[in-house]
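Taken verbatim from TrEMBL:
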- B:23-49: transmembrane segment (TRANSMEM)
- B:61-80: transmembrane segment (TRANSMEM)
- B:101-125: transmembrane segment (TRANSMEM)
- B:137-156: transmembrane segment (TRANSMEM)
- B:163-183: transmembrane segment (TRANSMEM)
- B:203-220: transmembrane segment (TRANSMEM)
- B:274-292: transmembrane segment (TRANSMEM)
- B:304-327: transmembrane segment (TRANSMEM)
- B:348-368: transmembrane segment (TRANSMEM)
- B:374-398: transmembrane segment (TRANSMEM)
- B:419-438: transmembrane segment (TRANSMEM)
- B:444-462: transmembrane segment (TRANSMEM)
Amino acid sequence: MIHIHDLSKTYNGVTVLKIDELQIPKGESFGLVGNNGAGKTTLFSALLDLIQPTTGYIQNGEVKVHESEAWKSHTASFIDESFLIGYLTAEEYFYFIGELRGQNKADVDKLLAGFEDFFNDEILNKRKYLRDLSKGNMKKVGIVATLIGNPEVVILDEPFANLDPTTQIRLKGIIKKLAAETGVTVLVSSHDLMHVTEVCERIVVLEKGSVVKDIKTSEATLKELEAYFSKEEPLVE
Amino acid sequence: MIKYFLTLEWKSFFRSAAFQTNLILKIFMALGALYFIGLFTLAGVGAYFGLEKAGLEPLETVNRFMIYYVVLDLVIKYMLQKMPVVNIKPLLLMPFKKSKIVNFALGKTIFSFFNIVHAFFFIPFSVVLLTQGYDPLHVITWHLGMMAMIYINNFINVFLNDAMPLVVGVASVLIGLGALQYYGIFDVTPYTGVYFQGLFEQLWMFAIPVLVSIALYKVAHSYFLNRLYLDAGLSAKTKEASTENLDWLDRFGKTAIFLKNDIKLIKRNKRSKTTVIMSVLFLFYGLLFFSGGIDSYDNPFMKIFAGIFVTGGFLFSFGQFVPSWDSSYYPLMMTQNISYEEYLRSKWMLVVLASGISTILALGYLYFGWEAYAAVFVGGIYNMGVNGHVVLWGGAYIKTPIDLTSNKKAFGDSSSFNVKTLLITMPKLLLPIVLYTIGHFTLGPVFGYALVALAGIAGFAFRDFMFKKIIGIYKTEKYKTIAAYKQKN
């Protein structure tokens, strides 16, 4: 589904991202971890054609993202608050995204009904503009909006941050279901090693812009990651 | 302690985004500030000799009308000057007394441009008074009294932060009194003039405003001190949201998605509301030209200029900042399934509709004869046909993020000024004047008007071509624009 080839991004002579080759097959739940400045958000931004790669390209579906805009119709993303429109209410925002993705109000309402638990009665019919919501609630809105219109690729940057424990657990359920049942390719970045290992089939570790680990998730993955990030050699059992 | 506050201020000033722009902009900003200072100084010196020439006793006349000056100052301060609460939050946990923080915040307002600028009127005026043989002691106490009045306004403004109805009330009373005076029904100035004249004649009287301003400082201080909590004085006010159904716009097809959003954008944000109010004021701008009040404006070429402005208020104040209105969620727009064509068409329709409405509202200019309205009318056609595109084109180069929730910078955004936008302004204003001039000197004024109107109609005909060009520019500027909009954080 997604093919990254010879991708690099350089700012003033400093290379912040360098990935020679990375394939993400359709229906995979893909986790991206790395410390601050490792290049996670840069990679996602390049994937969404928000920044121009210095070399190489990213192919999403059939097209290269910087050449055609055809990827936009099957890709949904939530990176940060700049993906929300502050002066709309949550409903208006969902309908707006729905209209852009060819869904009418009834379609959107049907989808939202499935997220009643997730919203925990804090989002809908609250007579509040998005700019006045708490960070966690903004995130809920942004995440659910990515699911409108049956996208094939969903990209979430740090979806677990700022969420309360109950919502984190529910979100894990949502992400797992997406990849397993509907064949959606999900890309998630996170600082929470436990969450990513739980929801992602594959985990890639970035450091200083390069892929240093590419793991198929198993029982041992969490230990391996913890050992890596604590900068200790893994214990041989 | 105060030393640390001052270095903080120093850094926040010199490291602010507005200051980090290029040198040319700094020069422009400095020139702008000098312009205002010069204007006030001229007014200060000119007021004396001008009034004397008109056969009026200068000081007495100034005192008579001072009430308007003072109230106007309050209204302007309310609209433009805000209490600097944002910088206070990080200081709350620092190990010093809260009252010090409040003193600092209030003290900061004392040196605000809105207060200092008045000194540039009162000092030259007082100096002229001294040279003209007024009693020095009286002049100085009067001067102190006046500056105290300005500071009374300053501290009143601290409380007023959220009293819109009150300020609207004060402003309308002021306008009402002005109108009553103009039509000779009732004149308030002799009554208030007594007070201001008293400030000059009675040495002790200057103590009144000085004491009042000190008292107000104390009140403002305790007011703020008591509300120095995150959920009181430092909280951002949230308004209850209203949802609205704009489905009737769906007849415009896919453009409607954006049109609905743009209307909400305009209605729900402070900055955009101010813009709309400003564009209404533009409607009256033509009065300066058509009433013959100002000699240098009283010629046919300037009237075309007026026509462009009268009908183009919204076009200039809103259209100029497309796509910056969407700056806070530009990445969303860039990753959604959106075609630039529909996005731009919606903005274009807004601008054209607003120009059309302005053209109709401007029918009042018929009062000044058909030629006046002809200038407005062809100006409107030109705005709709040509400037509607040009303004969107220029917008692609303006990469200043707009903070929708704040009114700051609503009046002229210095950093949106660059050579490219300046060049693009030329066809907006100069071309119609040139066209008219050509017509005027060949076949007469009517031909001139016809030429301007024809240019507008031609603009409509080239619409698709223009859109294609503009879309191309938006695409090539995309990455730079996204990066620039990120800067504000």
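Every residue gets a Cβ built from N, Cα and C, even glycine.
Note: TrEMBL annotation is automatic and uncurated.
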Of the listed stretches (B:23-49, B:274-292, B:374-398), which one yields the highest count of Cβ-Cβ distances below 8 Å with the transmembrane segment (B:304-327)?
B:374-398
Non-local residues, at least 6 beyond the ends, that sit with Cβ under 8 Å of the transmembrane segment (B:374-398):
286, 300, 303-304, 306-312, 315-316, 319-324, 344, 347-348, 351-352, 355-356, 358-359, 362, 365, 416, 418, 420-421, 424-425, 427-428, 431-432, 449-450, 452-453, 455-460, 463, 466-467, 469-470, 473-474, 477, 481
Report yes or no: does the transmembrane segment (B:23-49) come within contact of the transmembrane segment (B:101-125), defined as 3 or more CB pairs under 8 Å with a sequence separation of 6 or more?
yes
Relative to the transmembrane segment (B:163-183), which of B:61-80, B:101-125, B:137-156, B:203-220, B:274-292 accounts for the most Cβ pairs at distances under 8 Å?
B:61-80
Report the listed stretch (B:137-156, B:203-220, B:274-292) having the maximum count of Cβ pairs within less than 8 Å of the transmembrane segment (B:61-80).
B:137-156
Quickly jot the same-chain residues contacting the transmembrane segment (B:203-220) by Cβ under 8 Å, restricted to those at least six beyond its ends, or write none.
106, 137-138, 141-142, 144-146, 148-149, 151-152, 154-156, 158-159
Where else in the chain does the transmembrane segment (B:137-156) make close Cβ contacts, counting only residues six or more beyond its ends and a cut-off under 8 Å?
66, 70, 73-74, 77, 106, 109-110, 112, 114-115, 118-119, 122-123, 126, 129-130, 196, 199-201, 203, 205-206, 208-210, 212-213, 216-217, 219-220
